[in-house]
Structure formats: structure tokens, C-alpha cells
Amino acid sequence: MPVPASWPHLPSPFLLMTLLLGRLTGVAGEDELQVIQPEKSVSVAAGESATLRCAMTSLIPVGPIMWFRGAGAGRELIYNQKEGHFPRVTTVSELTKRNNLDFSISISNITPADAGTYYCVKFRKGSPDDVEFKSGAGTELSVRAKPSAPVVSGPAVRATPEHTVSFTCESHGFSPRDITLKWFKNGNELSDFQTNVDPAGDSVSYSIHSTARVVLTRGDVHSQVICEIAHITLQGDPLRGTANLSEAIRVPPTLEVTQQPMRAENQANVTCQVSNFYPRGLQLTWLENGNVSRTETASTLIENKDGTYNWMSWLLVNTCAHRDDVVLTCQVEHDGQQAVSKSYALEISAHQKEHGSDITHEAALAPTAPLLVALLLGPKLLLVVGVSAIYICWKQKA
């Protein structure tokens, strides 16, 4: 029997079996023709070409060869030896060559959508249509597709230390289904996470979705979570997606109000130290006995090694303007949250109170002084004026 030109590329058992079948059935007639697909499965990477092998044991009956993906009424025509245009499909051997029995094909630029079972089918020439005669057992084509770069997303709103936040990781378009996903925080592997691969059944490609739960600490401004994906299609290092905890954490400030020494006896300098807060956004208001004295927005900040910030504000108080003790309050609004505050009681010394009283007393007496002078000197002035008038009149008569 004739030997397919491309058979040297086929596995030896397949070649021997085909030759044996040909010798046993070479003159037995068309019912003995065998369609041989030697490979039950073929796996290629996306973008590569896939070779699907098929050989016949006889040229009888006369008729074309066709390739289909899938079986039954919904099968898809991949190649027709007789007619049609199939730009991605080429034949491995020269089909016009005399006594050719090799009907293997190659499909270029494979994508995950090409996955499936392919059947090599022999048709018998008929009128008006050819009739299916015999089909091969089928070759399952699986496509190895790389997963997309993992995308990590954090919580929509910030949370404070000691609270738990969730991070999600997604990757799509990979095949086969087997995949490994791990979570890390600052290089330490996490254990509190759940992962799903969809769909659950067979598919041309798959997606993975994982959610990790992370407990925040005050030192997490510089921390990072990593989603790591390993897959058979990846060469070298696994794929990684990252998220910064600085986008998820809010560290509330601590307040300390103190009085600083001053050279001037009638002035007091009170400071409000706002420490270890994150993010930057902060507004501070000073109140004197509950009344707003000044409001300012933090600008020049000092950054700590852990990524948090410090800021100091001061208030200069004229103690002479107060006869009683003053309650000074430092009120801080941070990152749009409810204001926090701390108060300081500024004591007015007895000397300052007495000094303030003297000033007030003198100021109260000052307007009455001219009146007292007028009351004391008035009669004497009137007497002098009267005597002067009499003397002038007597002088004129004389």
C-alpha cells in the first residue's frame, strides 16, 4: 500500500499500525477503510500553531476529507479538502500528490477560543452531495493561555488601625484552569483569603478572583500587599499585583496642649502639638472659653519615619485682658472626620488680676478728677472775680 509522505514525522506505533491495517484490508473494500488520529490530545500556547494529525488506510472510497470541531449537528467546519477558503489552515502534506494518505492539518495563531475536539472525517463522493463515510476518534486541542496581569484593589474608604480591610485580586483569560494564587504583606505570606476560579466546568479560558483580609496597624503607611499568581504558561517569575496600604489607612492624630515660658509678664504662649497622623489633610481651630479665636490649615508638616506627620500650632494670649482664668481649646478636624479636641486651663496670677483691677480703677476715676477740682476751687475763684470787679468800678468813679 502507499505510504503517506509525512509519516516519518508520526509516532512509530501509529506508522506500524497503519501499515498493518493497510496490508490486511488493502483489497477488502471500502468498508475496511480506517481514519486514524494518533494523538488523543494536543496542547499549544496561545499564538502558536497546532498540528492535528490524520491518516487513511485506503484511498477507497473516492471522496474528500473534512475537519470539524465538535460533533453532531452543531459541529464547526474547520477545513474542506474539496472547496472553501480557510486562511488559518494549511495541510501538512501535498494532497494532490499521487496516493497521498496523510490529511494532517496545521492551524496558525491559536487562541483560547480554538480549544475543543477536532475530528478528521472521510466523505464518499455522492450526487448531488457527498456523504459522510467514517470519522476519526478525535483529537482534543487545549490552549495554554497566560493569565493577565493581576489587578489589586483596596477598600473604598479608609479605616483606622486595628480594623480589618479587604483587598481583591483579579486575573483573566488563562488556560488551563490550574493556577496558584498567594497573598503577601511586606513579604510575609497571608492566610486569611478566599479564591475562586470561574467557570467551574470546562471552558476555553478562565478567570480568578481572590479576596484577602488584612488587619491594619499604626505603622502600615509604608506597607504593601502583593497578589502573586503562578501558572504553567509563565516562564520565570510569577505575575504580581500590588496595592499600597497608604491608600487604605487613616491614622488619627494625638493632641498635646502646653504653655511655653515667656519673658513678657503679661503674655502667655500656648502650643498645640498634633502628632502621628495620616493622611496630611488637617484643620485646627483655637477657642478661648468656647469662642473661636483662630482657624488654620496645616501646611508645613514634619514627616516621621513611619510615614505619619507632626504639626505644631501656637496661640499668644494677652493675660492683662483677662481677670479670670481662661480655658483654651485646640480642636482638630482630620481627613473629614469628626473633630477631636484638647483643652488647657490658663491660670491668671493674683498679681496680674490685681494689676488689671488697678488699671480699671484708675480708668474709672479719671473722668471725675476735673469735677472735683472745680468744686474745690470754684468759690475762691468767684470771690477773686467779685473783688476785682468792685475795685475796677471804684477806680473809675474816682
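Counting begins at 1 with the first residue displayed.
Just so you know, glycine gets a Cβ as well, placed from its N, Cα and C.
In the disulfide annotation of Swiss-Prot, CYS227 is paired with CYS169 out of the candidates CYS169, CYS320.
Cβ neighbour count for CYS120 (disulfide bond): 27 (other Cβ atoms within 10 Å of its Cβ, all protein chains included). Across the domain 'Ig-like C1-type 1' (147-246), the model assigns an average pLDDT of 96. DSSP assigns CYS54 (disulfide bond) to coil in the three-state reduction, placing it in neither a helix nor a strand. Looking at ASN244, ASN269, ASN291, the glycosylation sites in this record, the fewest other C-beta atoms within 10 angstroms of the C-beta turn up around ASN291. Cα of CYS227 (disulfide bond) to Cα of ASN291 (N-linked glycosylation site): a distance of 52 Å. When DSSP labels each residue, the domain 'Ig-like V-type' (30-136) comes out as 6 helix, 43 strand, 58 coil, counted as helix, strand and coil in that order. Taking CA atoms as the reference points, CYS120 (disulfide bond) and CYS169 (disulfide bond) are 42 Å apart.
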